[in-house]
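Chemist: Quick one: this structure, given as structure tokens, is what I'll be asking you about.
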Amino acid sequence: MGKYIMSIDQGTTSSRAILFNQEGKVEHIAQKEFTQYFPHSGWVEHNASEIWGSVLSVIAAVLTESGVQPQEIHGIGITNQRETTVVWNKKTGRPIYNAIVWQSRQTEEVVNNWRSEGLESWFQEKTGLKCDPYFSASKVKWILDHVEGAQELAERDELLMGTIDSWLIWKLTNEQVHATDYSNASRTMLYNIHDLQWDEEICAKLALPLSMLPEVKESSTVYAQTDPSVFFGQKIPIGGVAGDQQAALFGQGCTEKGMTKNTYGTGCFMLVNTGEEAVVSENGLLTTIAWGMNGKVQYALEGSVFVAGSAIQWLRDGLRMIKTAKDSELYASKVDDSDGVYVVPAFVGLGTPYWDSTARGAIFGLTRGTTKEHFIRATLESLAYQTKDVLDVMEMDANLTVETLRVDGGAVDNEMLMQFQSDLLNKRIELATINESTALGAAYLAGLSTGFWQDIETIQSLRQIKKVHEPRMTEDLRQAKYQKWQKAVEATRVFH
Ligand SMILES: Nc1ncnc2c1ncn2[C@@H]1O[C@H](COP(=O)(O)OP(=O)(O)O)[C@@H](O)[C@H]1O
Ligand SMILES: O=P(O)(O)OC[C@H](O)CO
């Protein structure tokens with residue numbers, strides 16, 4: 001048995017390869033950023049070949065830098081930015097257009113047409129998703145409509161499509177295997193999450209030949225062996241695949257119904273495990289597949305905050321108020337509160353529960369006494385307020401009370417923010433020793449299918465808690481602060 005599981009974490013701005021040992025600890029990490037293309041306002045694209053190059057280079061780097069031999073890798077887990085869509089030519093193996101990224105709004109018109117045809121609930125009932133450019137369906141449609149000859153090639157069975165996991169599996173197997181997992185399929189808006197099949201009616205509506213779509217497999221199963229010509233002379237099983245937020249849910253050990261995690265990265269993504277029930281949301285949450293394993297599928301409800309850590313980047317790069325994201329805590333801790341200042345960072349609209357793409361950022365409550373410290377604190381607090389917006393509707397829709405929120409992502413090292421989060425939610429906040437929940441989740445999925453770890457109980461026993469925050473705020477203060485936030489959001493939304 002090999003000594004390590006390698007996770008390939010293909011994110012929106014960088015690719016990472018991480019080696020985990022049998023205790024679930026990080027042995028080594030290599031990371032590489034790649035180019036973001038913004039061809040027009042609101043468009044975001046990636047070069048899928050460059051992504052593949054970045055993945056190969058981090059695999060090489062993690063092995064060279066750690067001195068681990070390729071034959072010591074027991075299995076590979078893949079986790080990825082979700083929804084981002086690649087269409088490639090089966091014969092040449094080359095993408096016919098850039099990958100259209102989940103953040104891109106270039107397919108707004110496609111989606112508007114569907115909305116005006118009244119198809120929103122039709123899509124939602126089948127896929128659990130909102131009719132939005134965020135998901136893959138409008139992206140693949142756009143590529144087929146805009147790339148010359150693409151529709152004909154698709155009909156001649158010469159094109160394949162996939163999310164980034166599929167693209168990487170295809171490349172790692174030297175263009176032999178075209179597959180994806182349940183969690184990624186459930187973000188395409190093409191997959192029927194109840195029947196567990198590509199939805200033929202949706203594909204017909206989009207004129208999308210079913211032959212373009214990958215085979216959907218369990219998240220923890222052996223997909224294929226890597227081809228020795230691409231993976232350093234070795235055949236290594238690809239044993240686990242999941243979209244990054246679902247992988248983080250698994251990595252956080254949220255394997256039982258009601259367990260919830262929130263990831264504080266560029267945006268925030270909160271998922272609650274709803275077990276074998278696909279709960280339908282009344283409040284703008286998405287119903288999605290958490291993972292499929294051992295012949296069963298588990299579902300989750302998901303809420304998204306579009307701007308979270310990126311608001312801190314804005315303080316750093318746009319306003320130049322801080323030099324590093326970490327400095328935000330230093331300044332914010334110099335004051336007891338934001339002195340009535342509220343920042344609503346709706347830079348690209350608002351996600352759950354508002355789904356208001358027209359809203360833009362706003363600041364309230366400024367006085368002559370407002371200082372930089374108050375402003376920074378208010379911006380940090382906005383991450384916590386937006387998280388409360390999501391958690392409140394999540395508890396309502398899932399009909400449960402979340403006792404503990406498990407957190408991960410770049411911003412959780414900020415103790416001021418995490419304490420404020422605990423105070424505002426009136427809940428216990430838990431940080432695990434390993435903050436790499438996404439990569440860890442993919443490693444666990446791969447390790448379970450390849451016998452590196454025996455069962456879910458084994459991996460649960462590996463989880464160690466680094467820090468806990470307990471609520472300390474009075475109920476009156478909590479309510480007063482949150483009501484003010486709600487007013488700020490309301491006011492933001494009427495400004496156009
Ligand atoms: N100490 C901190 N306080 C607040 N935000 C932070 C802190 N450290 C990092 N961040 C934010 O976290 C984000 C990076 O987290 P990460 O999980 O790597 O994001 P992603 O995976 O979305 O790229 C950045 O947006 C950064 O501004
Ligand atoms: O790559 P990340 O961490 O920004 O995650 C992106 C999400 O999967 C989008 O749905």
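Cβ from N, Cα, C; glycine included.
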Chemist: Let me know which member of Thr12, Thr13, Thr35 TrEMBL also records as binding sn-glycerol 3-phosphate at the site of Arg82, Glu83, Tyr134, Asp244.
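Modeler: Only hit among Thr12, Thr13, Thr35 in TrEMBL's sn-glycerol 3-phosphate site, alongside Arg82, Glu83, Tyr134, Asp244: Thr12.
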Chemist: Whole-number Å only: compute the distance from the Cα of Arg16 (ADP binding site) to the Cα of Gln313 (ATP binding site).
Modeler: 21
Chemist: So, in DSSP terms, is Asn414 (ADP binding site) helix, strand, or coil?
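Modeler: Asn414 (ADP binding site) sits in coil per DSSP, no helix or strand.
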Chemist: Work out how many Å separate Asn414 (ADP binding site) and Gln313 (ATP binding site) at their Cα atoms, rounded off.
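Modeler: Counting only the Cα atoms, the answer is 14 Å.
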Chemist: With the ATP site defined by Thr12, Thr13, Ser14, Thr266, Gly309, Gln313, Gly410, which remaining residues of that chain have Cβ atoms positioned within 8 Å of the Cβ centroid?
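Modeler: Once Thr12, Thr13, Ser14, Thr266, Gly309, Gln313, Gly410 are set aside, the remaining close residues are Gly11, Gly265, Ser310.
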Chemist: Around the C-beta of Glu83 (sn-glycerol 3-phosphate binding site), how many further C-beta atoms are within 10 angstroms, looking at every protein chain?
Modeler: 25
